[in-house]
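What Swiss-Prot says about this protein:
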type: SIGNAL; residues: 1-31; note: signal peptide
type: DISULFID; residues: C97-C124; note: disulfide bond
type: ACT_SITE; residues: S231; note: active site, acyl-ester intermediate
type: DISULFID; residues: C285-C300; note: disulfide bond
type: ACT_SITE; residues: E362; note: active site, charge relay system
type: DISULFID; residues: C437-C557; note: disulfide bond
type: ACT_SITE; residues: H475; note: active site, charge relay system
Amino acid sequence: MRPPWCPLYTPSLAAPILLLLLFLLGGGAEAEDPELLVTVRGGQLRGVRLMAPGGPVSAFLGIPFAEPPVGPRRFLPPEPKRPWPGVLDATAFQSVCYQYVDTLYPGFEGTEMWNPNRELSEDCLYLNVWTPYPRPASPTPVLVWIYGGGFYSGASSLDVYDGRFLAQAEGTVLVSMNYRVGAFGFLALPGSREAPGNVGLLDQRLALQWVQDNVATFGGDPMSVTLFGESAGAASVGMHLLSPPSRGLFHRAVLQSGAPNGPWATVGVGEARRRATLLARLVGCPPGGAGGNDTELVACLRTRPAQDLVDHEWHVLPQESVFRFSFVPVVDGDFLSDTPEALINAGDFHGLQVLVGVVKDEGSYFLVYGAPGFSKDNESLISRAQFLAGVRVGVPQASDLAAEAVVLHYTDWLNPEDPARLREAMSDVVGDHNVVCPVAQLAGRLAAQGARVYAYIFEHRASTLSWPLWMGVPHGYEIEFIFGLPLEPSLNYTAEERIFAQRLMRYWANFARTGDPNDPRDPKVPQWPPYTAGAQQYVSLDLRPLEVRRGLRAQACAFWNRFLPKLLSATDTLDEAERQWKAEFHRWSSYMVHWKNQFDHYSKQDRCSDL
């Protein structure tokens, strides 16, 4: 019997009607939606409409911005993507750049959330655009995200970087890009054309150029681009600030938990070459052994499977360490004309607007990756001996005297053996040395040289966090709030966290709009003051109202940024004096031995008889 609600049903009409319904309800309807069809310089794109809690957004995912850097293009600067025929499907993320995958805690959410969620490939130079639906009638500010991951990992497709929430809630255009990491992005044989180094940074720059050329098509304003990133992404943002060819491609900058002057962020040309040639040797290049030139070495490296390079890249580090990474940007005299410290000190930053900040416990995340006595599966109550050994891996370049100074500064001398205090001290050593104090130093220098700077410390531990309580608020765990993930009900954040995320998104969007995180429409709320070299004001970000403080870990950063460099300089002088003294003593000893031998020889000769 025919259902009463289907009077026209016949077998001959069933299939066409079903296809028509699928077309109207599925991809066909979106294919005809003018909001989801755009034309960029490379050709046409078809995007997808996604739902956020507040409404829909348009997403254009997996847009190629460079030719695939495969085969003979491995290690070379990127080439702009050539035009394509027809309409390119941009409804799903593309491959993740080849990289190391973290297997320390298999299946654990705290590590898996940072692992690649798409297929690994060297064909990976794609970007993504989220824009309000419908597109803004007038040009809207653009936020461009650079992911972190120690320059050895990361992907723009990770769930934590989902741009739909920020684009919908704040009406901004959000862009993210993949860039090459590890040896593929940062292996360098300085002076060679085959592997010049810093090609991962050049990938980012090419994506920024793509934004300038195309973002207006999506409703974005190419004259109001804010570059933001976290950890190695923040260091990358800083390097673009310091590299003149990049400076004209964006207008404001946000550096979250990273800075270009961090001790892990760059290497010199000599160390870069040492690491490159060591990796080559580890994978059997050049085939004839030592003595080959750069061209032969790179030609050989290009024949090696990508996974071979990944499997060996950690073996090139000069010593056991935490918060050090194998292939990072090189001070090449080109992208970086000098060290970041020198460029920061010499730069003119008048008119620049910068937002910088850190989280409460920057060091804790890294301790489970090599500091003695630390694990996510226990309380990590370490002994004094483990703390002393931890300082050597936490500050791997330190001389004996410098390491003693670190121990002296971070020991609670009323409780020098207390395991909980030692655990906290070890976290502070790694966090202050690598993140907090480089960020504070950068903020002070930029402010002193004309930039308008805002600074924060993020202090809220998410209710959903899977890492143990002793780790506090770890590195990277402000990102989910900046991107608005607590707005998604299925993720089970609290109501207070949803409000907090909305507040943070508003701060970041306000900064992208005006260069000031404060909301001019609501002057009654606590104001976020600029950071100056004198007052050093910053704010704490947590569930409570904004709190203004002064001096971001000022005592610790005076140690790292002022005292320790002077100590190292003095000990370098002492070491050189000792070397010269030993050399002189050796020459004097040799002379005395020679003199004694001559004297003994003379003494054994027959003496003249008395006349």
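Even glycines carry a Cβ here, placed using N, Cα and C.
Most other Cβ atoms within 10 A: among the disulfide-bonded residues C97, C557, that distinction falls to C97.
Under 8 Å, Cβ to Cβ, and six or more positions away along its own chain, C285 (disulfide bond) finds L297, C300, L301, R304. Rounded to a whole number, the C-alpha distance linking S231 (active site, acyl-ester intermediate) with E362 (active site, charge relay system) is 10 angstrom. H475 (active site, charge relay system) sits 26 Å from C124 (disulfide bond), taking the C-alpha atoms as the reference points. Classification of C557 (disulfide bond) by DSSP places it within a helix. Taking a C-beta cut-off of under 8 Å and a sequence gap of six or more, E362 (active site, charge relay system) has these contacts in its own chain: S257, V430, G431, D432, N434, V435, V436, P474, H475. Within its own chain, C124 (disulfide bond) has P68, Q94, S95, V96, C97, Y98, N178, R180 as residues 6 or more apart in sequence whose C-beta sits under 8 angstroms from its own.
Between the disulfide-bonded residues C300, C437, C437 has the most other Cβ atoms inside 10 Å of its own Cβ, all protein chains included. For S231 (active site, acyl-ester intermediate), the count of additional Cβ atoms within 10 Å of its Cβ stands at 29 [all protein chains shown]. Secondary structure at C300 (disulfide bond), as computed by DSSP, is helix.
Note on H475 (active site, charge relay system): other Cβ atoms within 10 Å of its Cβ, all shown chains, come to 26.
Classification of C97 (disulfide bond) by DSSP places it within a strand.
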